[in-house]
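I have placed the structure first, in the form of structure tokens, so that the comments after it can refer back to it.
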């Protein structure tokens, strides 16, 4: 298509990438295609408006730059063809904005939607993100030699990003080498939040958020497949353990051909779980299957990874436990002796507010989600075109407002709980309750350094449990038939989407 037709797309240039139209801000030129898949296309692009000057504020002024600036532009396609794709896109937009500024989470620079000039409709979104040189999967697959300090640095950075994510009560749920972006200086950033979900200490509030779980099988926590009675932030720690094992061994540790084979490979390494763990499996078919298998002893990590640092194996042992209750937390992992060379409290910051999933996860209509996406794009485009100082001020105000709302919500919950426990006191004057005089620092403003700021874009900016039957009932059980195997595979593949007790 002739570039002269670009004005019908509101000043954007039209490119052909993988035989699809790739319509981007005319100030950018496509450098090369980075990849494509079921959900879209990614290209690298260079900022170039002819003068090789990058605008640094919303007044259109420009500043000289020795090197042109590069970005990764991701086109998410067919977002309104299915509810699940639309919700995934909305989740990605909101979370990338929410976590924007943390050094170990990919930075979102801009958003764009391209309406059809005739109908005004759109079915795709463009995300402008910081460009990284490769991902962890490519590094491991290349076979290039890495030192133990490389492993330490990579895992430490993953945990720093995950600590920030978990502190906002968010589960990533799709951590894998392909979702860890890396630069030549070994800087690492977590990407792809399309499968993320909220987390609550109240299990009843988590039950509805485990649908549409299709994370990569090799890095999926066993409690998801086995339908444990609850799921926690430990599911992400399992994935980090799988990544550490892959770094140490140069290949994935659990490479199941299907979900039943995946479970078999996990049990071959971790051994037969104790009865107390089996009883927490929500899927009775999975319980019966595990009990039908021969008793297996736990494998030795020293034999699996003979050249590995013993401290790395100790951390791996604590990450890869079948029972999620025994798995190390992200905070304890950061303090593990294996990572002490990199340990820096200033790098291990926590998010000061909780992410609000309820505002959109309960929305299922395509029209409603479409409007939410349009609103998100418009608000973010306006935000990133403000001067950096104003962005920081707005972000600080939003954080403080959200923290105050969450403080009030927690007070209301505590008051309701007190009234439930002491119904005779329900009629007491609210002014006499102890909560009015409760001292708290939840709403106290923190110093500015506690908040990750919008990144100073030096290179470019867009500014212008039920108990199971006893074990002896199953010890003589035969292996499942072909039909039972298929049913088990279906159940393990759906995990908590299928069975939640």
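Each Cβ is built from the backbone N, Cα and C atoms, and glycine gets one as well.
As the structure is a computational prediction, the values presented were derived from the model and not from experiment.
Feature list (source: Swiss-Prot):
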DOMAIN    28-339  domain 'Protein kinase'
BINDING   34, 35, 36, 37, 38, 39, 40, 41, 42, 74  ATP binding site
ACT_SITE  174  active site, proton acceptor
MOD_RES   211  phosphothreonine
MOD_RES   213  phosphotyrosine
REGION    400-450  region 'Disordered'
COMPBIAS  422-444  compositional bias 'Polar residues'
Rounded Cα-Cα span from residue 38 (ATP binding site) to residue 174 (active site, proton acceptor), Å: 16
Extra residues within 8 Å (Cβ to Cβ centroid of 34, 35, 36, 37, 38, 39, 40, 41, 42, 74), ATP: 75
PLDDT averaged over the residues of the domain 'Protein kinase' (28-339): 87
Conformational class of residue 34 (ATP binding site) under the three-state DSSP mapping: strand
Annotated ATP contacts 34, 35, 36, 37, 38, 39, 40, 41, 42, 74, maximal Cα-Cα distance (Å, integer): 14
Neighbourhood of residue 42 (ATP binding site) by C-beta distance under 8 A, where only residues 6 or more apart in the same chain count: 33, 34, 35, 36, 72, 73, 74, 75
